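The annotation ATP binding site is assigned in Swiss-Prot to G179, E180, S181, G182, A183, G184, K185, T186. The coiled coil annotation in Swiss-Prot covers 843-1939. Annotation comment: Swiss-Prot describes 33-82 as domain 'Myosin N-terminal SH3-like'. Look at Swiss-Prot and you will find 86-782 tagged as domain 'Myosin motor'. Summarising the annotation, Swiss-Prot assigns domain 'IQ' to 785-814 and lists sequence analysis as the type of evidence. The feature N6,N6,N6-trimethyllysine is assigned by Swiss-Prot to K130. What Swiss-Prot records for S1243, S1306, S1495, S1514, S1547, S1600, S1603, S1726 (among others) is phosphoserine, and it gives similarity to another entry as the kind of evidence. The phosphotyrosine annotation in Swiss-Prot covers Y1492 (among others). Marked as phosphothreonine by Swiss-Prot on the basis of similarity to another entry: T1730, T1736 (among others). Feature annotation from Swiss-Prot assigns region 'Actin-binding' to 659-681, 761-775; the stated evidence is similarity to another entry.
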Amino acid sequence: MSSDSEMAIFGEAAPFLRKSEKERIEAQNKPFDAKTSVFVVDPKESYVKAIVQSREGGKVTAKTEAGATVTVKEDQVFSMNPPKYDKIEDMAMMTHLHEPAVLYNLKERYAAWMIYTYSGLFCVTVNPYKWLPVYNPEVVTAYRGKKRQEAPPHIFSISDNAYQFMLTDRENQSILITGESGAGKTVNTKRVIQYFATIAVTGEKKKEEPASGKMQGTLEDQIISANPLLEAFGNAKTVRNDNSSRFGKFIRIHFGATGKLASADIETYLLEKSRVTFQLKAERSYHIFYQILSNKKPELIEMLLITTNPYDFAFVSQGEITVPSIDDQEELMATDSAVDILGFTADEKVAIYKLTGAVMHYGNMKFKQKQREEQAEPDGTEVADKAAYLTSLNSADLLKSLCYPRVKVGNEFVTKGQTVQQVYNAVGALAKAIYEKMFLWMVTRINQQLDTKQPRQYFIGVLDIAGFEIFDFNSLEQLCINFTNEKLQQFFNHHMFVLEQEEYKKEGIEWEFIDFGMDLAACIELIEKPMGIFSILEEECMFPKATDTSFKNKLYEQHLGKSNNFQKPKPAKGKPEAHFSLVHYAGTVDYNIAGWLDKNKDPLNETVVGLYQKSAMKTLAFLFSGAQTAEAEGGGGKKGGKKKGSSFQTVSALFRENLNKLMTNLRSTHPHFVRCIIPNETKTPGAMEHELVLHQLRCNGVLEGIRICRKGFPSRILYADFKQRYKVLNASAIPEGQFIDSKKASEKLLGSIEIDHTQYKFGHTKVFFKAGLLGTLEEMRDEKLAQLITRTQAICRGFLMRVEFRKMMERRESIFCIQYNIRAFMNVKHWPWMKLYFKIKPLLKSAETEKEMANMKEEFEKTKEELAKTEAKRKELEEKMVTLMQEKNDLQLQVQAEADALADAEERCDQLIKTKIQLEAKIKEVTERAEDEEEINAELTAKKRKLEDECSELKKDIDDLELTLAKVEKEKHATENKVKNLTEEMAGLDETIAKLTKEKKALQEAHQQTLDDLQMEEDKVNTLTKAKTKLEQQVDDLEGSLEQEKKLCMDLERAKRKLEGDLKLAQESTMDTENDKQQLNEKLKKKEFEMSNLQGKIEDEQALAIQLQKKIKELQARIEELEEEIEAERASRAKAEKQRSDLSRELEEISERLEEAGGATSAQIEMNKKREAEFQKMRRDLEESTLQHEATAAALRKKHADSVAELGEQIDSLQRVKQKLEKEKSELKMEINDLASNMETVSKAKANFEKMCRTLEDQLSEIKTKEEEQQRLINELSAQKARLHTESGEFSRQLDEKDAMVSQLSRGKQAFTQQIEELKRQLEEETKAKSTLAHALQSARHDCDLLREQYEEEQEAKAELQRGMSKANSEVAQWRTKYETDAIQRTEELEEAKKKLAQRLQDAEEHVEAVNSKCASLEKTKQRLQNEVEDLMIDVERSNAACIALDKKQRNFDKVLAEWKQKYEETQAELEASQKESRSLSTELFKVKNAYEESLDHLETLKRENKNLQQEISDLTEQIAEGGKHIHELEKVKKQLDHEKSELQTSLEEAEASLEHEEGKILRIQLELNQVKSEIDRKIAEKDEELDQLKRNHLRVVESMQSTLDAEIRSRNDALRIKKKMEGDLNEMEIQLNHANRQAAEALRNLRNTQGILKDTQLHLDDAIRGQDDLKEQLAMVERRANLMQAEVEELRASLERTERGRKMAEQELLDASERVQLLHTQNTSLINTKKKLETDISQIQGEMEDIVQEARNAEEKAKKAITDAAMMAEELKKEQDTSAHLERMKKNMEQTVKDLQLRLDEAEQLALKGGKKQIQKLEARVRELESEVESEQKHNVEAVKGLRKHERRVKELTYQTEEDRKNILRLQDLVDKLQTKVKAYKRQAEEAEEQSNVNLAKFRKLQHELEEAKERADIAESQVNKLRVKSREVHTKVISEE
C-alpha cells in the first residue's frame, strides 16, 4: 500500500492516512547529520530540536531551532532519527526509541492530520478537534480484509484485524480503548461498532410482536442505537469535553460461526452519579435533562410538569446549560427513536421520562427549620406533589418519610428527627440512587433486547474506560479508575511480551523469558490483597464508630514503611491535603480519604425506599425491589432471607467484583489496544502541548511499553532489506557475480563491520538489533555515502566540462559556416533571377493547397456515401442481433438449469454424509451423558440418606437446647440488674467473634490450599488428556483433509453457480437495455416533433421581436429629433430673452439719461413724461406677453416630457419582453443541444451494440459446441435419473405440495409487490406535488424580492428628483440674487444698447415667428407620436396575448413530460419487480430440484439410518427424562429447606420483637443494646456473606470443571464423571448446609417465649460455633474429595485405553470414507474442467455486458437530465412571466403618480399666473425674477457670459456718446410704436396657444381615464395572485402536516 495508486481506494481520506510518494522521497533526500541532530531538554517545551555544536566534560552545547544556544548534560541529549523515519507509522520501528522521538513523531503526524499511529501493539490516536473524512463508507470497504501492514494505521484496521483473527483463530477478541476525558474514546468506540455493524450485518430484522407495537429495527440498528441512549443518560459536558462519558463500558458483540452478527451486550462501570446533584461552573449535568427542557417534544413538558427554563431547576443549573457543539433538540429525537428501536415498551418509556423529571423536581424541594427546634419541616408542598405524582407516591407520605424517617431500634420502629441539612442530603442521595438504578436497569433492558437467541460462537469486546487520572484532589473514584488502569497495564505488559518473546522463540533467538506483568504486582497487591487498602476500607465500614482518621491510622499501621509503593505525602502549598500516596506505573498519586467511608457505604433513607417499593409505577418498584430495608427484615422474612448478605455489599466490593469479571473476560480474549490522546487543553485543531501529551503517554503506558521494548530487540529488518540498504558499508564482503543467500550475506556484512557483535541476533527470517545499534549503522552508512557521492560528483563534473568543451568547439565551426553562407547570400540578393525566384516560390504552394482542397471534397463525398451504407447495414445487423440474443438466452437458460441440477445433487450428497457423521457423534455423547446421569442419581440417593441421619442428630441437639431455655426462663427476673455486666460480656464476645473470624479465614486459606491441590491433580489429568489428544490428532487431520476436499468441491460448485447466475443476470440486463433503447428512440422522436413545433413558435416570436425592435428604433430616432428641436428652441428662446433684457436695460438707461439731460425745458420734461409713460406701458405689455409665452412653453415642455417618459417606459417594457423571449429562445436552444447530444450517445450505443452483436455471434457458436457437450452430460444424467426414478414416488408427492406452496407464496408476493408499487407511486406523486409547491413558494419569494428591489429603486429615483428640485430652487435663488445685484449696474449699458435696439427688436420678431412655427411642428409631431404610441400599445397587447398562448403551450408540454416520466417510472418499477420475481422463482426452482435430486440419491440410506437413530434417541431421551425428574425432585427438596429456613428466621425476629417490647421502659439501655445487636447482626450477615462466598468459590470450581468436562466430551473421553462427582459433592455440601440452617431455624422457633437478654448473645455464640463446625466438616469433605480425585485418575487411564480402541474403529471408518472421497474426486475433476471452460466464456460475456449496461445507464442519465432541464425551463418561463406582469403593474402605478404630480404642477403654475395679474404694480421685480428663471435654464451657456462682459465694456464707451443719443429719441418713439403692434401680435399668439393647451388637456384627461381603468385591471389581477398564493400556502401546510 505504498504507492499513490494503491492509496486511491481510500478516496479523499488518502492524504489523512499516509504520506504521498513525493513526500516520502523528499524526506529521504533531506540533508541530515546523525551526529549533530539531537533533541535536548527544554523547561518550556519539554524537548526541542537542536544542532550539537560542541561536547566537553559531560556537557553538550547545542543550538535550538529557535536560535537559542543551550548547554545541557549528556543524559539530557537524545539522538534524532534519520529523515526516513519522519512521520513513521509504527514508532516501534524507529532507530532511536525514546520520549522526544515518540513525541515529535506524533506531533508531525498530527500536523499533517494523520491522527492514528502504531506503537508496537498500541494504536495511538490524537483528537483532531475537527471533522476529517477518514470514516467514510469507502474507507470501511478499503480496510476490509486488509492485514495490519498492508494499510495505514486506523481504528478500522484494528477492528478488521480483530474480526479476521476471530474468524481464523476461532478465538474471542477484545479492543481496549483508554484515555483521558475528551481524548476521543467514545468516538472511536462508535467507529468500532459502526465498522462491525457494516461488515458483519445479518440482514435479518427481528420479529416484531404485534401486540407490543414496538418500532424495532435490525440488530445492527439496535447496536448502533444503544449509543445515543447511553450517551443521553451517561454523558455530560465537562471542562475538557463537551460529550464526556461519565461511565466505563464493555460492549460485547457476538458473532455466529460464519462471522455474522448474532447479538450484543453491554456492561457498565463507575457511573458518576454525584453529577446528578452537583456540577462545576464550566460543566453541566447529563444531556437528557437539557434535551427534555429543549421543548422539542412539548408533550414531555406537560407530562413532567416542568418548564423549558433550566434555571428553574436547582439540580441542573449549577453550571452551563447549553453546549455550542450539541443540538439538544436533535439529540432528544435521536434518544427518543433509540428508545423505540431498542424495544422499550410505552410504559417503560414513560417511566424513564417521569423518573428523570422527578429527579429535577427533587432538586427544587424546600425545607425549613421549625421554630425553637432543630427539626426540619417542608417549606411548601407544591414541588413535592409534582415529584410524588411522577413517582406514583403519596406526597404526604414522601415528606413524612423524609422529615421523620423510621429507624429500627431493637425490635421496634422509632421515628427519628432530621435537621434541614440531613433532609437535603437524603433527597440528594435518593435522586442519585433513582438515576443510577434507572441507568443500570436501562443497560439490562438493552442487553435483553440485543440478545437475539441466535446461535453465537465468538465475541469481540470493546472496552471504553477512563484512563489514568492524576488530579490535585484525588478521591475514591480516582483510586478505582487508577486501579483498573493498573490491572489493564499489567494485562498489556504480560500479553505484549508473551507475543514478543514468542517471536524470539519462533525466530530461534536465545532468550530468557521475563514476565513483565510482575512489574506492577506490588502496587496491585497493595490495593487488593487481604489486608490491602480496599480490605481495610470494607472492614472500617462495618464498625459503627469508625472514622476517616481511624481508617488512615490503620492504613499507616499496615503499610507505611512496609511497602515501597505506599508513601506518606509531603504537604504542598496551595494544594488540598493528601493522606497517603501510591506509586503507580504512571506516576505517584496523592489521595485524600475524606468521606471514603460514607461513599463506600452509600446509605439511603430506608423509609423512602420502602415507599418506592410500594409505588404504583412498576418500573420504580422494580428498581428498588432488591433493596433490603429494616421494615422488610422485621416483617417479611421470606423475602429477606435470600439477600441478607448482599444487602450490605459495599461500593468497593461491588467494583472489585465487576473488575474481576472484566479481567476474566479479557484474559479469555485476544486483546488489541487503542490509546487516545488530548493534544491541547484549548480544543484547538492542529496544536499540541508537549508536557500534556507526555503526561498522557506515561499514563496510557505507551512510554512504559517503549521501556520494556528496549530491553529486548526492538529493531528488526528482513535479511533482503538489510543486505540492500547496508551493503554499501562493505561491498567487498559480499562477492559479486555469484548467488549468495541473504542471511549469509547479512552475517558476512555484520561480521566485517566494527560494531559490538553482542548487540544483534540472527533469526530465521530477520536480523534483530538492540535499541540504538541501527542508528549507529545509519551513521556509518551516511558517512560512506558521503564519500562515494563526493567521488562520483568529481567524476561527473569532469565529464560534463569535457562535453561542454566539445559543444563549444562544434559551435565555433557552425558560426564560421553560417557567416560564409550569409556573405554569399548578400552577394546574390540583388540578382534579378533571385528576385524572380522569391516571387514564384509562394505561388507554387497556393496551387498545391487548391489541389488538396479538391481532393478533400471528393473524399468527403465518398465518406458520406459510405456512412449511408453503414447505417443501412447497422439496422439490418440490429434486427439480426435481437433474434440471436433471444436464441442465445434460451440456450443458456437450458444449460444453466441442467448444470445447477447436477451441482446441487452432488452438494446434497456431501451434506448428508456430514450429517450422518454428526448424528453418530451426538448419539455417543448422549449415551455417555445418560450413563453419567444414572451414576449421579445413585450418589444423590446415598447423600440423601446421610442427610436424614444428620437431621435426626440435630433434633437431639434441639431437645438439649430446649432444656437450657427452661433454665434461662427461671433466671429472667435477675437480668434487669445484670444489664451492665452483660454489655461488658458482649464486648468480650466481640473479641471472641473476631478470633473466630480469624480462625475462619485460616480455614478458608486451608480450603484454598486444598483447591490448589485439586487444581494440580486436574493439571495431571490434563497432561494425560494431551497424550490422548495427540493420538486423536492424526484422526482429526485425516478427517480435516477429507473436509477440505469436500469444501473445495462445494466452493467450486458455488462459484460455478454464481457465475452462471451472473451470466443470466447479464443476459436479462441486455434485454432491458434493448427495451430502454427502443423507448428512448420513441421519446426522442416525440421530442424532435415537439422541438420542431417549438422552433416554429420561436421563429414567429423572433419575427415579432424584430418588428418591435424596428418600431423601437424608429421611436428612438424620432425622440432624438424632438430633443434636438427642443434644444434649438431653448437656445433661440434664450437668445430672444437676452435681447429683450438688453433692450429693457437700454430703455431704462435712456430714460434715466433723458431725466438727467431733459431738465432744460418744460416741453422736454412733458415729452419725457409721456415717453416714459408709454415706455412703462410697453414694458408691462412686453412682460405680460413674455409671461404668457413662458407659461405656454413650460406647459408644452412638461407635456412633451410626459409623452417622452411614457414612450420610454413602453420601450423599456418592450425591451424586457424582448429579453424574455431571447432567454426562452436560448433555453430552447440548450434543450435542442442536449437532445442532439443524447442522439449522439444513442448512436454510439448503437455502434457498441453492433460490436457486441458480432462478439455474441462468435460466442454463440462456441456456446453451441459447449451445449453439445452439456447435452451429452445431460443424457448421462437422465440415464441416472431414470434408474432412480422408481424410488421417487413419495418425494414427487412432496414436491407437488411444495410447488403448491410456492405458487401460493408467489401469488401473495405478487399482491404485496402490487401494493408496494402503488404505495411507491403515491409517494412519488406526493413528492412531486411537494416539489412543485416548493418551486411555487420559491418563485413567490423571488417576486417579492423583485418588488422590494423595484420599490427601493423608485424611492431612490424619487429622492434624486427631490434633490434635483432642491438644487434647481437653490440655483434659481442664486440667479435671482445675482440679477438683483447686477440690475443696479446695468444703467450704463442702456446707452450702448440704444444703437442696436432696432436691430435686435427685428431679430426678436423673426425669432418669435420661428418659435411659433416650431410650436406648430411640435404639435404635429406630438399628434403623430401619440398615434404611434397607441399602435405600440396594440402591439404590446398582441405580444402579451402571444406570451399567454406560449405559457399555455409550455404548460401542456410540461404535462406531457410529466406523463411520460410517470410512465417511464412505472415501467421501470414493473421491470424491477419482474426481475426480482424471476430471480426468486429461479432460486426456489433450484432448491426444489436440489431436494428432489438429493432424495433420489440417498432415500434408502436415510431410511435405515433414521430408524436406528430414532430408536437410540428415544432410549436416551427416556434416560434423560428420568434423570431430569430425579434432579427436579432434589431441587424441590432444596427449595423446601430454604423455605423452612426463612420461617425459622421470621420466628427468630418475632422473638426479638417481644423481647424488645418488654425492655421499652429503659430507652437508654435499649439503644446501647440495639447498637450491640446491630453489630452482631452485621457479623452474622458477614458470616452469611462468607458462606455465600464459599458457595461462589465452589460454583467457580464447578464452572471450571464444567468447561474441562465439555472439552473432554468433545474429544470422546470419560472425564465427564469427574465433574459430575464434584457436582454431587457440592450438592451434598449445600444440602448439609441447608439442613444446618433448618435446624438452627427450628431451634430459634422454640425460643419465641424467651424474654431475656442472654438469649440474643447465646444464639449468636451458637451460630458462630456452628459456623466453625460447618467449616471443619467442609474441610473434611474437601479432603475426602481429594482422595476421590486420586481414584478417578485411575479411571481416566482406563478410559484412555477405551479411546485407543475407538481410534482404531475410527481409522476403519476413515478408510471407507476415503474410498467415497476417491469416487467423488473423479466426478469433481470432470466437473472442474467443464466449469473452467464455462468460466472463461462467462468472463468474456460479462465484460461485454458491463460495457453495454454502462452505456445504457449513461443514455438514461442524459434523458433524465433533459427532462429535468425542460422542467427547469418551464419554471423559469413562469417566473419571467410573473416578473413581467409585476413590472407592468409597477409601471402603471408610476405613470399614475407622474400624472398626479403633473396636475399639481399645472395648478401651481395657474395660481402663479393669477397672482402675477394681481401684482401689476410690482412688475419690475417680477421681471427680474422671471429673468433669473430664464437664466437658470441656460446656466451652461458660456456665450451669454462673454456677451455680458462685452456689453459692460460697450456701456463704458457709450458714456461718451450721450449727445448722439438725444438725437435718436425721435427714432426711438417710432420703434416703440412698432413694438406695441408686435405685442398685440404676441397676445394673439398666446391666445392660440391657450386654445391648443385646452385641447391637449382634454386629451390628457382621456389618457388619465384609460390609465385608471388599467389600474383597476391590475388591482383585480393582483387580488387573484394573492388568492393563488394563499391557496399555495394552504396546500404547502397540508403537505407538511401529512409528512
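Each Cβ is built from the backbone N, Cα and C atoms, and glycine gets one as well.
Features per Swiss-Prot, on structure.
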residue: K130; record: N6,N6,N6-trimethyllysine; DSSP class: coil
residue: G179; record: ATP binding site; DSSP class: strand
residue: G184; record: ATP binding site; DSSP class: coil
residue: T1736; record: phosphothreonine; DSSP class: helix
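Residues within less than 8 Å, Cβ to Cβ, of G179 (ATP binding site) and separated from it by at least 6 positions along the same chain comprise K185, G467, R675, C676, I677, I678, Q696, N700.
A simple Cβ count within 10 Å picks out one of the recorded positions S181, T186, T1736 as the most packed, and that one is T186. Each of N127, N241, S244, S245, G467, C676, I678 belongs to the same chain as G179, E180, S181, G182, A183, G184, K185, T186, is absent from that list, and has a C-beta within 8 angstroms of the C-beta centroid marking the ATP site. For the binding-site residues G182, G184, counting C-beta atoms within 10 A of each C-beta gives the highest total at G184.
Assigned with DSSP, the residues of the region 'Actin-binding' (659-681) fall into helix, strand and coil as follows: 9 helix, 8 strand, 6 coil.
Shown in sequence order, P685 are the residues of the chain, 6+ apart in sequence, with a C-beta less than 8 angstroms from the C-beta of K130 (N6,N6,N6-trimethyllysine). Mean pLDDT for the region 'Actin-binding' (761-775) in this predicted model: 84. Less than 8 angstroms from the CB of E180 (ATP binding site) sit R240, A466, G467, E469, C676, I678, Q696, C699, each of them six or more residues away in the same chain. Residues within less than 8 Å, Cβ to Cβ, of A183 (ATP binding site) and separated from it by at least 6 positions along the same chain comprise T125, N127, G467, C676, I677, I678, Q696. Here the region 'Actin-binding' (761-775) has, by DSSP, the following mix of helix, strand and coil residues: 3 helix, 6 strand, 6 coil. Secondary structure counts, DSSP: the domain 'Myosin N-terminal SH3-like' (33-82) has 3 helix, 31 strand, 16 coil.
All protein chains considered, the CB of K185 (ATP binding site) has 28 other CB atoms within 10 Å. Calculated from their C-alpha atoms, the gap between S181 (ATP binding site) and T1736 (phosphothreonine) amounts to 58 Å. When the alpha carbons of G184 (ATP binding site) and T1736 (phosphothreonine) are compared, the span between them is 50 angstrom. Rounded to a whole value, the Cα-Cα separation of G182 (ATP binding site) and T1736 (phosphothreonine) is 56 Å. T186 (ATP binding site) sits 49 Å from T1736 (phosphothreonine), taking the C-alpha atoms as the reference points. Across the domain 'IQ' (785-814), the DSSP tally of helix, strand and coil residues reads 30 helix, 0 strand, 0 coil.
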